[in-house]
Amino acid sequence: MAQDNFSRVTEFILLGLSDTQELQLLFFTFFLLAYAMVLLGNLLIIVTVRTDPKLSSPMYFLLCNLSFIDICYTSVTIPRVLVARLSGHKAIAFEGCMAQLFFLHFMGSSEMFLLTVMAFDRYTAICRPLHYTAIMARGVCWALVAACWVGGFIHSIVQTVLVLQLPFCGPNMIHSYFCDVPPVVHLACADTTLTEWLMASNSGLISLGCFLVLVASYVLILAKLRAHLSQGHWKVLSTCTSHVMAVTLLFMPCIFTYLRPAGTLPTSMYVCVIYTILSPMMNPLIYTLRSSEMKESMWRLWKRCRA
């Protein structure tokens, strides 16, 4: 059948996480509290870093950018979930669905690249301290952050174009609370085998590649510290452990979701909650509570606000 004979889908229905009224209320409360924590936590980090000259190192510059991405990343999906629950309107226009898919992958892949840059920053600071200032100069930091955004944009454009070239003639029910590549591609009225493999090699390999680079950087750091486990190095080791937990929380669900064609294995919609909500919610806690400098700066900011 020619593609012109398809009656094109004009909207999708986002079914959410549950049809049960009680569970819908529970999820709404969770989403609302999680979004509030993401906004407050990450805005606090941005304001603290921007207002305290003592937090001018590359690490805090990158952390500030991570907080900004986390705010944008969660704002792509959660506000619409909350509005849909209050209004009872689950439909999303085809164009809105494609826009959500684009910005979700744009922000998500940019965050993965940025976390990789942050791991490189930690490796340089610990393993090459004498050259750290030269390697992570301000201009270099800006260039690395710009590269993360450009890489995320290119990745997202590729994903969106691959979806847009597919015909959609119905059904239009998406068993999730946001538009993403696997559930949307599953609704296409065509053989999507090649497209699914292309998408898996794009999103999946990016997730896996960044994760392996991160793991390699922390292995090198641990190898460097193995013979010098002083009190200061124990603190660094503890910090690296928390960072590994943070990146695992983001990367493992993404690798499971995207490093395979859609439909080859059943994917629980609840896995998406981990990397779209839990990971951005935990980042402010993981990346700030281990930093005495950040906590002291926040305390100074609090005292200035009360004065």
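Yeah, the Cβs are placed from backbone N, Cα and C, and that goes for glycine too.
Annotations in TrEMBL come from automatic prediction, not curation.
Marked as transmembrane segment by TrEMBL: 25-47, 59-78, 98-120, 140-158, 204-223, 244-262, 268-289. Marked as domain 'G-protein coupled receptors family 1 profile' by TrEMBL: 41-287.
Fewer than three CB pairs closer than 8 A are found between the transmembrane segment (98-120) and the transmembrane segment (25-47), and contact between the two stretches is not assigned (pairs 6 or more residues apart). Counting Cβ pairs under 8 Å to the transmembrane segment (59-78), the top-ranked stretch among 140-158, 244-262, 268-289 is 268-289.
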